[in-house]
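Worksheet: the structure to be examined is printed underneath.
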């Protein structure tokens, strides 16, 4: 499998290098679908210029990335293109290793369940074969590296690519069962954009499952493990925050980064749900609806964690999707990360209900984004309503996609427990309804 992965990496790097040298690079770096006020490379360059002049990069309203990012590029600004390509390679390899290890665990559990006769006889066709699972890690790497969203994000030099690399390393560390590295990478991801905090529940559930610690509130081992993980996570976050203060010499970055993410003062159009709504919002209602919108990202963590406590890897996929849909400044790079996991759930295709329609809507919206932007900004024959309408449809399609996979996953698990062909008490065929 090493040779196909190496070939894939070479092809992906070649595509990015060619686009960096083309005239499209400048055009892509200006697209509002690809970069946001948080992740735009132009803003990083302006922050670096201020830093070189001895002025705090957070003194104005231009730079909103974290201090570690600006000091990271302070030394690597001349190698920015290589850095972003390397970030994509690291993400893809981390996802490849993650899925490979996860598939081994799935196959092992499946084998034990078969030997113990836990599956009904009529659902054996739902069992996954080693041959079917063999190429899934490569498909995941391919889905990430060759996804147009990922390529555009890399060519635009959006710092979203670095965030994805950190998240991929967090997922890899969690799947490998390394508690310390999982906590460190999660703290680094949280430091970058707050929202990955919601992945903490999934990480805890997986690590406890791996160490055979039951999810029982009355067990001391349950609370002791949570305390250990919380200590490592909060300790790592504290060290990173203090390091940022040491580098910058002030706490100016806290309102400029986290206040900016939570208060959404910049209403530059993007593919998210915030900008149009708050552009039309009366000021005295702003705080209330801001809280409602921001709570969306965190609200789903508890019910999803309860429902999927036995399946934390699928919970991670769901949480990544929720973050990319409901965060305040999303870009296509955020979407690319959770879309890369779709091959992992290829065995759910027989239970998906709207996959063709949703796929068509996502492709159509992706094509219409630049068209409606041109009609609005340059041609003047449309207005912001047109662009927001396609944005809204794009996000609705994402919600339907994630909901469909959630339904399909739960239905397959139900069949593995009760059988594929369900019967009523009178012997007639039963219909499964998700409530």
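Just so it is clear, glycine is given a Cβ too, placed from its N, Cα and C backbone atoms.
Owing to the predicted nature of the structure, the values given are computational and were not obtained by experimental measurement.
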### Query
With TrEMBL as the source, which of 184-208, 409-433 is set down as transmembrane segment?
184-208
### Message
Looking at 36-67, 68-99, I want to know which stretch TrEMBL calls transmembrane segment.
### Response
68-99
### Message
transmembrane segment per TrEMBL: which of the ranges 111-139, 314-342 is that?
### Response
314-342
### Task
May I ask you to check whether the transmembrane segment (385-407) and the transmembrane segment (257-278) make contact, with contact taken as at least three Cβ pairs under 8 Å and only pairs 6 or more apart in sequence counted?
yes
### Task
Could you name the stretch, out of 68-99, 143-172, 285-302, 354-379, with the greatest number of CB pairs under 8 A to the transmembrane segment (229-251)?
68-99
